[in-house]
Each structure stands twice: as C-alpha cells, then as structure tokens.
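Written below as structure tokens is the structure these notes are about.
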Amino acid sequence: ERQFFLSDMAFEFIEMIISKTVLAPFIYIKLVFQLQPQLSLATSFSAYTDVYSLLYHTVANTGIRGLLAGNTMMLIRFPPHYLVTRYCRKHFHLPPPQGYIARLYAAIYRGLKDSVPALLIVYPLEFLRTYYVLLNTYSAQGGQALSSKHIDLSGDWIDVAFAVIGRYGCLALYEGFLVTLLSMTLFRIFYFILYDAMILIGRRQSSSRFPKTILISLISGLACYPLDTLRRRQMIEVTFGEGPCKSVWCLAMIIYSEGGIFAFFHGALFNIVAAVLRSL
C-alpha cells in the first residue's frame with residue numbers, strides 16, 4: 001500500500017509540474033491585470049492596456065522565466081496539499097444524503113472538507129505568489145525596487161514574507177482567506193445547481209458529460225471570479241493600501257469605482273483559458 005501511495009504521489013507530482021508550468025503564463029497575465037490598478041495608484045507602475053505590451057516587457061526584461069513568476073510556490077505547496085487532501089478524502093464522510101437540500105449540503109461539505117484543511121497550510125504560499133508576480137511585473141518595466149509606505153519590498157518574496165510578518169504578524173499572510181472560503185462555497189453551490197438542472201432537462205443522455213462539466217465549471221468559476229479579484233486585492237492592500245483590509249465592502253467599492261462591475265473581471269479571459277486547458 002505504501003508503494004502504491006508513493007507511486008501515485010510521484011505520478012501526480014510530475015503531472016502537476018507539467019500542467020502548472022504550461023498554465024503559469026496564463027495565470028501570470030491574469031494576476032497582472034487583476035492587480036495592476038492598485039499597483040499603478042501606489043507606485044510609478046504604468047498599467048498595461050494590452051497583452052502584447054505585457055508579454056513584450058516581461059520577456060525583454062526578465063526573460064521567459066518571468067512568465068513563470070510564482071510557479072515555484074505552486075510546486076512547493078504540492079506535498080502538504082496532497083497529503084492533507086488525501087487524508088481528508090479518506091475520512092470525514094457523510095451518510096448518503098436524501099432530498100435536494102441534503103444533497104446540496106453534502107456537495108458543499110465534500111468540496112470544503114477536501115480543500116479547507118490543506119488551504120490553511122498552503123495559503124501563505126498563495127499570498128506570497130501574488131507578491132512575487134508584482135515584484136516581477138514591476139521589475140519588467142525597469143523598476144529597481146518596488147516601494148511601499150508600509151514595508152520594504154526591495155528584496156525577493158521571502159523578504160516580503162518576513163517584512164509582512166514583522167509588521168503585521170502571521171495572520172497578515174491569510175489576507176483574503178475568508179473571501180476564498182466564500183468563493184469556494186459559492187462555486188460548489190453554482191456547480192451543484194447547474195449540474196442538477198442539466199439532469200432535470202434531460203441533457204445527461206448524451207454520449208459524454210465531459211464538455212458539460214467543463215461548461216459548468218467555467219460558468220461557476222466566472223460567477224465567483226469577482227471574489228477572486230477581491231481576495232487578490234485584499235492581499236496587496238497589506239502593503240499598497242492602509243495595511244490589512246478592515247472592510248471588504250469598502251475595498252469592493254474601490255474596485256467598482258475603477259471601472260464598474262467589469263473591474264471585478266480583469267484577467268477573467270485568461271483564467272477561463274487556463275481552466276479549459278487544465279480540463280483537457
């Protein structure tokens with residue numbers, strides 16, 4: 001059993017390295033467009049208006065590796081995330097649900113109990129990945145040192161981690177965590193309702209459910225995308241705003257003032273492309 005466990009883990013790790021590396025440029029572009037409004041307000045950074053300019057400046061100044069910024073954190077997080085998720089899937093089961101509401105609750109529970117414990121461990125890496133993308137993006141425009149009125153950002157992402165912890169404590173690395181939980185919950189709700197609706201209208205009778213599950217995932221992910229933008233902006237509010245965000249609603253209004261409802265969907269197209277490629 002241990003041999004099978006190790007081989008499964010090794011296989012999934014190799015698969016994850018390949019998929020994360022292929023998708024990293026799309027996630028990089030998505031994060032830049034999500035975060036650049038706040039970065040341009042707080043620094044001398046000039047916001048990109050098109051993908052070509054972003055790619056040109058990134059590759060010209062930081063090389064192809066610049067498009068993989070933050071991917072190392074995703075590789076580091078794999079072992080603890082895999083082990084905790086595997087353990088949770090093996091335990092904490094619910095009895096077979098009866099009725100629509102019970103099945104909805106079970107769907108939410110299964111999604112959260114597999115993800116939340118692991119997320120508690122690896123979330124700081126997600127926080128630091130966001131900053132690593134910012135540091136790389138700023139340097140790609142020729143910025144020598146990313147400045148902040150709160151902490152020193154002149155070093156790499158490890159220096160940022162110690163600077164954030166030193167000023168605000170370890171909990172600052174969990175900025176946006178509650179919004180992430182809300183997003184995960186809503187995603188499970190949307191996915192369950194849409195999938196159940198497909199069953200009710202009889203579309204499940206086709207030969208393959210694969211395109212349908214992709215479509216449902218894309219719609220659910222797009223519906224929750226504003227919360228992803230909100231949590232990312234919460235992360236960088238630690239240094240580029242007024243410290244750790246004290247009001248999520250206030251931050252949401254700031255984002256809304258930058259371009260209306262569409263401001264919450266910056267980078268959504270590249271998130272969709274990455275999600276489709278991930279499903280193939």
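Any Cβ shown, glycine's included, is placed from N, Cα and C.
The average pLDDT for the repeat 'Solcar' (102-201) in the predicted structure is 82. The repeat 'Solcar' annotation in TrEMBL covers 102-201.
Summarising the annotation, TrEMBL assigns transmembrane segment to 177-201 (among others).
For the transmembrane segment (251-277), the residues of the chain that approach it from at least six positions outside its boundaries are 22-23, 26-27, 29-34, 36-37, 214, 217-218, 221-222, 225-226, 228-230, 233-234, 237, 241, 245, judged by C-beta separation under 8 angstroms. Annotation source TrEMBL lists transmembrane segment at 251-277 (among others).
Look at the repeat 'Solcar' (102-201): DSSP puts its residues at 80 helix, 2 strand, 18 coil. Beyond the transmembrane segment (177-201), the same-chain residues lying 6 or more positions past its ends with a Cβ under 8 Å from any Cβ of the stretch are 100, 103-104, 107-108, 111-112, 115-116, 119, 123, 212-213, 216-217, 219-221, 223-224, 227-228, 230-231, 234, 248.
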